[in-house]
Every structure is written in structure tokens, then in C-alpha cells.
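Trainee: The signal peptide feature in TrEMBL is assigned to B:1-27. Under the heading domain 'AB hydrolase-1', TrEMBL lists B:149-368. The active site, nucleophile feature in TrEMBL is assigned to B:Ser181. Residues or ranges marked as active site by TrEMBL: B:Asp345, B:His378.
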2 protein chains.
Amino acid sequence: MASTRYALFTATLCSGLGLLLASPLWAWDGVVEKQTFEMDSFTTHGGETIPNVTVGWEAYGELNDARDNVILITHFFSGTSHAAGRYEVDGQPTGYWDAIIGPGKPLDTDEYYIISSDTLVNLNAKDPNVTTTGPASINPDTGEPWGMDFPVVTIRDFVEVQRELLESQGIESLHAVMGASMGALQAIEWASAYPDRVERLISVIGGGVADPWLLATLSAWAAPIRLDANWNEGNYYNGEPPTDGLKEALKLVTLNANHWQWANETFNRDWADEARDPAQDINARYAIEQTLDDIAAARAATSDANHLLYLVRANQTFMAGHGESLEEGLAAIEAPTLMLYSENDLVFAPEGVRGTAELIESDGTDVTLETLDGNRGHLDGVVSINQASDTLRAFLQ
Amino acid sequence: MASTRYALFTATLCSGLGLLLASPLWAWDGVVEKQTFEMDSFTTHGGETIPNVTVGWEAYGELNDARDNVILITHFFSGTSHAAGRYEVDGQPTGYWDAIIGPGKPLDTDEYYIISSDTLVNLNAKDPNVTTTGPASINPDTGEPWGMDFPVVTIRDFVEVQRELLESQGIESLHAVMGASMGALQAIEWASAYPDRVERLISVIGGGVADPWLLATLSAWAAPIRLDANWNEGNYYNGEPPTDGLKEALKLVTLNANHWQWANETFNRDWADEARDPAQDINARYAIEQTLDDIAAARAATSDANHLLYLVRANQTFMAGHGESLEEGLAAIEAPTLMLYSENDLVFAPEGVRGTAELIESDGTDVTLETLDGNRGHLDGVVSINQASDTLRAFLQ
């Protein structure tokens, strides 16, 4: 026992010494401070001007003097800028990519300044840690929430707000831009619109265009909100919000973003209430229905229904480069590209990911395609990202 | 030219002679007569009694004297008994499996008596060619439509009604039972519940149990109806029906029953209205959204929303044998089994189909598994069935 203890002690000591020797003087402690970025006005790519635009942002690691160690993280449909760390000193890490962002991790906060911002029309408008501008925001011209009068915004607009945020910190170029799903669309748009500012592109579970399948899938997500009588053409801010419709929309998002392997390995055919047999009671339910409902209800509590409709539209309008042709939009990308995807993705078809890679590669740009395994389908790009750690580490160097 | 014409004439003559020699005295002309089957009362497997049950049925070919040439066709979720032929002498064939049912076809009407009936709670309650009993039917005890007071019915109940129909024609055994999707569930249930009456089982794009993924998918189909304020807990027969909710439900059915290959090969990113750019107008739409809406609206016109909810439940409750264990339910099947399925099926996971085959095979029952190709996913079991023609012909002999 004594020798085992000694060995353990030695290992701990050496590991500690190694960490001490390898670490910079400053090391991120994992606690995140949410900050906000304000613009007096923002003009969309479509030509509409929105006054008083504010978005939240957070960063991990330190910006170096040359301001050339920046990695921008762009978030997914239901996500926020909270990619890593925790908000409270004693809290557990709650950032969605905490597995790969931190001291010594592939996106190493000892080396990189990693920054992430809430998009416009962010879904989680009622989350106290989220700051966004969208239909739920007050239109300063009327003093009332914008509702459906808010201009349509696109992935390109999300990118332009990020560009302004970065420029406000004196950042002109990105060591890398990385995002999952809707975040991949933003990352691709960055590399296409600003090829001289993006040194590396990492697209996770996303592709170069919203294909017809995605147009229809997104349309299905929007439908339950418009069906809810409380939606009232988007004018619900002085009354009851369309919570039932929002919940059903979020249930579809959860279901589509997963895969039958997850459903069939996680759930069974149990009833929601063991006293109510679904074969005897038309209003009884199965446990999986109740669980999906509970997840949706929790998410709905911090979400805004109109914001979901605007996010659906932002994704639907996406074609890399936002120009006449997808081929041109993707050929404009010069950054070496890493594309991580799942063969079980039910949102971004694997064929579309591979087709995007081919178009980026068409003029000689280097593209690496790698699959993510797991039973979550699309969501493996978020929850199973750690399996790409070695690939990410190598790609970023 | 003359010799070519002569050769063509000879070929036509010989082909005509061959047909004449091979054909029986009676040959089905492809015109279908819809008939109805009535029961004074029907008691469900769950113990509820429903008075005045009526279902529609149609048949192709002639019942032989031994009454042993019967093939029962069981229909899918949104389907009807109209599996083959046409309703009018001069009409085009409109039966969904017309490609494989008819004189000289794999399900040869010169040889077999092929019969198909509308299920209980059939979706197409307002279709003049459909006769069914369900929530939209009058409850003779009240003189009002049943609404949600109609008892829950299961796949086993569909089978029992079919058994009564067949027995009314003196039919005690089936040369084969064949169905797609929900029809496969009925076919499997027939073979499990009545192993001594089923000589061959053909399950197309279906499996032995509603797995958790299917429970959740079906739940999503039901949700838009319950969201529609006109649904009114199922009491809408004296007012406006929940047409918007029904349309959204049918859109989800269409989308889930297809595959991204179909969407991406059939549609593009065109706008529904070329004067309304979705990037400028939050209420503008893409053409694929409009097309899916139009399809759904056409189907909704002949459908009943409560019937959809009851069909969802009938499918959710399905486990072969309706007993304690799936293993027992599938092991009870003795009939040689042919399972046709699609690797791109987003409703019945291919793993579930293969798992069903293994459980049927476990006690030595012969199972043949064959895949269907195409870009329709689940729906290839309906629209692409002709590619299995040789397999079907051989299996039925």
C-alpha cells in the first residue's frame, strides 16, 4: 500500500510540476463573465436599419499583443454564446463545448483568445445570460416590441455583427472560426465573405446551403407556433405568449436533431403514468412523449416564439456567400477547412456536407472531412465533439 | 419497312394468342366495386363494445371453390382499401399497388382472390370511396358523433374486423397477407395471432413493434391537431373542424414518410411567389413549403382529425401478439415471411426491421429480407414496389 501511495504522490507531483512548467503566467479559471456589445444602429445585408442593437458575448483565454490568436465560436440554432466554462465560481461547467475548450484542451485557452457572441434573434431571449436583439426587443421608434415588424435577418447579418464586435476589440483576423449546425453556416459565411481574415475554417454538422430538405424541416419547426391562437400574428407581448406552440416546435427540434438510435437506446415503451394505459385511454401517453414534453417546456420557459420564427428564416435563406451561386460562394473560401459531420445526421444530409466539401476543394483549397460517431445523429456534433480532439488540436496548429 | 411491319404484326398476334391461351375464362377488367361489411356490434381486444360497425372493402380476382386462393392486403396509415384498379370504366388506375396487382402481375388476379378493407378509424373518413367507423361516426346511443368517446382501437382490432369480413365470405385461411407500413403491422399481427390461418406473410416497410422513435414520431403527428383551437377536445362536428392543425399533421406525415434524397432531387430553392423574397418578407415562403401545404390541404379535405389521433394511437400501441413480450409475439409466427424494407426509412428504422426478422427466425421460421431502392425512403414501399415483382411472384408460389 505504501509504495502505491508513494507512486500516486509522485505521479501527482510530476503532473503538477508539468502543468506548472507548461502553463503561462495567466491561466483561465473557467469562470465566464458575460459582457454586452452595443451598436447605435446596424444595417442588414438586405438594407434594413435596426437601431440600438445589443448582443451578449463571452471570451476564454487572453488576447495577445499581436491580436492574432483569436478563435471565434459561432453558436447553433438553440444555442447561446456560452460555449465553455461556468458562470459561478462554485458551479459546474455548463458551456456546450467545454470538452474541447479550456487550459490544455484542443482549443487551448493558454494559447488562444476564444470568443463567442449571442446572435441576433437568439432563441433564448428570456435567458438572463443571453443578450440579443430581435422581435422581442423594444423598437425605439414605437416604444413597443418589434414583433413581426422586425426585419428579416440572415446568417450574413450574424457574421457582420460579429465582425463589428471583433473590430471593437481591434481584431482584424481569425486564427480560426468554428461552429456547429447554424454555427457552421456562420463559420462558412465568414470564410466565404472574408477570405483574407479567416485562417482556418471548422464546420461541424453543417453545409454550404439550406437544401430543400432543410427548408421543409425548418418550415415544420415554425408551423406549431403559427398554429397557436396565442401567437396572434406575433403580437403577444402584452398577453399570453404561444407557449404550447413553442413547446411543440422545440419538441420537433429535439426529435430532428437526434436519431432513432438515441431514442431506441435511451427510452422504452413505458407509459407516462402507470395508472393510465394508452391502449385504454386516448389521452394517456408514453413516457418518451412526456420526457420530450418536459424538455420542451423547460426550453420554452427561456425562449421567444417569434425569435424561433426569425431563426428558421435566417437558416432557410442561407447559401454561402449570399450571392447568385453556391459554387461561387464556396469557391471563395481560401482557408484550410475541417468538416466534422455525422452519417446519421437527419438535419444536414451527409450528401450535402460532402457536396459542400467538393465545392470548397474545387479550386485547390484543402478540406479534411471526418465523421463523428455516436447515437445522437446531428447532435453528436455538440455532445460527442471530444472524439475529434486530436484532429482539432492538429488542425489548429 | 414492310418486313418490319410484318414482324411487328406477327409479334402482336403471337403475344395476343399467348395471352388468350394463358388466361382463364374470367379475367378482371380492372374496375373496382366498393362494397361494405356491417356488424351489429364489435368488441375490441380491450373489451369495449362498439355497435353498428361498418367498413368498406374491395376485391380483385375470383374466390375459388376451395376458398384457398385468398391474399389479404392491409393498408397503410393514410391509405384505404383501394390497393388496385380504378373506380370508373374509363378512369386511370388509382390503386396504390396497381403495379403488382392485376392479370399476370405478381399478385395475379387470374389466380388469386385479392381482398382489402378499410380499417376502423380510417383517416379518409370524408372520402366517398371509404367506409369506416370511428370518432366521426354517429354513436347510436347518443345520436351524435363519438368524438373522443370512441374507444381506443388497436392493430389487433383491425385484424379482428378483417377476420369477421373474411369469415362472412367463408374464408378460413389466407394464401398470403401483405401490407405496407401500418399494413405491415396488421399483416404481422395476423400471422402472430392466427398462425394456422396464414400461409405466407409479406411485411413491407414495417416491423414487429412501435419502438420509442416511432412512438415519438407519431406523437409529433398528433400534436398540431391538439394545438388547433378548433379541435376543441375533439368536439368539432357541429362547428369548424381543425383543418389547419390537420394540414400540419399531414405535412409531417408526408415529410417523415419521404427522405432528403427525394426533397433535394425534386425541389430547389425557388420562392413560392417570385414577387416575395423570403429574405425580405418574414411571411413569404419557399416553393417546397407551398407544395407540401397544397398536398396537405388536398388530403385534409377528405380526412378527419380525430381519426388521425386514433390511428396514431393504434400504431403506438402495436407490439406483435399484443402480449407481454415481443419475442413471444414474433416467435408465434409460423408462416414463411418476406420482409421488404428501405435502408433510408425514417419511420421504421432498418435496425428494427432486421431485429424483427431475427425474432421471427429464432424458432426456425423462414424469413427473406430484401431492400427496396429509391429516393423516397419509407414511401419506396408503396411507390417503388414494382422492383420486388420477381421476388413477390416467386414467394407467392
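Quick reminder: no glycine exception, Cβ is built from N, Cα and C everywhere.
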Trainee: Do me a favour and check the Cα-Cα span between the residue listed as 'active site, nucleophile' and B:His378 (active site); whole Å is fine.
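Mentor: Just about 8 Å between their Cα atoms.
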Trainee: For the residue listed as 'active site, nucleophile', list the number of other Cβ atoms lying within 10 Å of its Cβ atom.
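Mentor: The residue listed as 'active site, nucleophile': 27 neighbouring Cβ atoms within 10 Å.
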Trainee: What is the Cβ neighbour count of B:Asp345 (active site) at a 10 Å cut-off, with all protein chains included?
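Mentor: Counting Cβ neighbours of B:Asp345 (active site) within 10 Å gives 27.
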Trainee: Within its own chain, what residues at least 6 apart in sequence put their Cβ under 8 Å from the Cβ of B:His378 (active site), listed in sequence order?
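Mentor: Result: B:Ser181, B:Ile205, B:Asn256, B:Ala257, B:Asn258, B:His259, B:Ser342, B:Asn344, B:Asp345, B:Leu346, B:Val347, B:Phe348.
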